[in-house]
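Here's the structure, in structure tokens; my notes come after.
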């Protein structure tokens, strides 16, 4: 099967909303050849602020891109998320994820340009800087891959093994290199970094699961785990300091283990102390982990034979005596 046939097959399996977003990406790329389209469809800080109020660009900048290779990256990212995440999360949660990441990342870039203007008083920053594209959503997909897929080795190199947990870090380095080579604007780099931060924050603290729990509090999903092993300690120090600040200003909640409800003690049963309770394994409440546990239990149950219950006499000696007396 050729690449074109694979693309057509993947396109047919996509949901309607994914096809519509892909169509908007192509349409907005065609509109990018018009001179005034960037000012009207991308976020330009000078026009987004008063007195112009181009607030609609907060929702149109997602689809607008004037580089053909960036449009291809956006479409591939869109189809990949439809294949990987939509079966696990559902269409509504996936669109919610896309909207939160892209809008919040766009606002973060806007405030960055605004603060740079306050320090430099350069009108070029707020009128010649245009925020657009779905590169933040591409960064968010790398974070979701880290959470969803197992930590397998993607590429084995002589100096190191590249795993799923390093995907976001490697893609960030690629975007930084593209920025240094002037293939993309510096806004792309900041959009990508913002997409990583926003998506990780949402998945770590706020995403609601079917069992009522919020976020993914597992140690393997710590922010420092996205970096190579030798960078984990310094990143942990910075990440923990930022997390403590967010807890103080009440933007995040401090992680607390759920208290175990102890039953009333009875003879022959030991009541565990609080230190022993803290050593007990904490179950993984992520939907994919729960599904995997249920599937494993079903396989074990189906492979265990069920013994037939045969009626037995409660008094075998009496039964034997009855038979001999009859004889």
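One-based numbering along the chain as shown.
Every residue gets a Cβ built from N, Cα and C, even glycine.
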Among 238-257, 258-277, TrEMBL marks as region 'Disordered' the stretch 258-277
Candidate ranges 278-302, 303-327; TrEMBL annotation region 'Disordered' resolves to 303-327
Checking 210-230, 231-251 against TrEMBL, the stretch recorded as transmembrane segment is 231-251
Outside the transmembrane segment (125-146), at least 6 residues beyond either end, the same-chain residues with a Cβ under 8 Å of its Cβ set are 25, 38-39, 41-47, 49, 61-66, 70, 73-74, 77-78, 80-81, 84-85, 97-98, 101-102, 105-106, 109-110, 113-114, 116-117, 164-165, 167-168, 171-172, 175, 185, 187-188, 191-196, 198-200, 203, 221, 226
